[in-house]
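In TrEMBL this protein carries:
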ACT_SITE  11  active site, tele-phosphohistidine intermediate
ACT_SITE  89  active site, proton donor/acceptor
BINDING   10-17, 23-24, 62, 89-92, 100, 116-117, 160-161  substrate binding site
SITE      159  site 'Transition state stabilizer'
Ligand SMILES: O=C(O)[C@H](O)COP(=O)(O)O
């Protein structure tokens, strides 16, 4: 098994996840369930015997808080952590703050699904997944991947769509394939990489 370890984890449930609101770059905190999910993520990683050499997170508190809670469980509260906006959630533009069911009533189920899950169609005033890939992938290649390839164990705590941008590349999904790839809150995905940066194996720590 390769020692090039990369763990991606979506933040625990946020207040706005619970209220079913488009969140994007807004900065709500975690709910009680979100706190529990973050701690559980840490425990799952600890139970696998994993420790980390560096962590990356976004500029948004739900991802930072998830990381902090998980690291406390792992027993590495002081781990070196780099924060960067390029790991932020995709900007939901004019949809930000709207209820997702209300949006479906207003624009129709299909249109809202296209805004949420299509690869290259952006919500009004916001970022498509393709736009998100365009800022998240260079950051991954320049800052995160070199650490993994050096054999450092890397933990990334970020968001549904900024992580889908990376998952698409790691799992070699097509624009059609990424449509169906959902990331649950607080569920770590453990990747082992080959020396050429392709994925040797991966495991979703759901349940
Ligand atoms: O920004 C948001 O609203 C969510 O975190 C992700 O939302 P989505 O599942 O609608 O893309």
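The backbone N, Cα and C atoms fix where each Cβ goes, glycine too.
Listed in sequence order, 22, 23, 26, 28 are the same-chain residues six or more apart from residue 16 (substrate binding site) with CB atoms under 8 A from its CB. Cβ packing within 10 Å was compared across the binding-site residues 24, 160, and the lowest neighbour count falls to 160.
Among the recorded positions 10, 11, 13, 24, 90, the residues whose Cβ sits under 6 Å from any atom of ligand 1 are 24. Closest in space to residue 24 (substrate binding site), of the recorded positions given as 11, 89, 159, is 89, taking the CA atom of each residue. Look at the recorded positions 10, 11 and count other Cβ atoms within 10 Å of each Cβ; 10 has the fewest. In the three-state DSSP scheme, residue 90 (substrate binding site) falls into the coil class.
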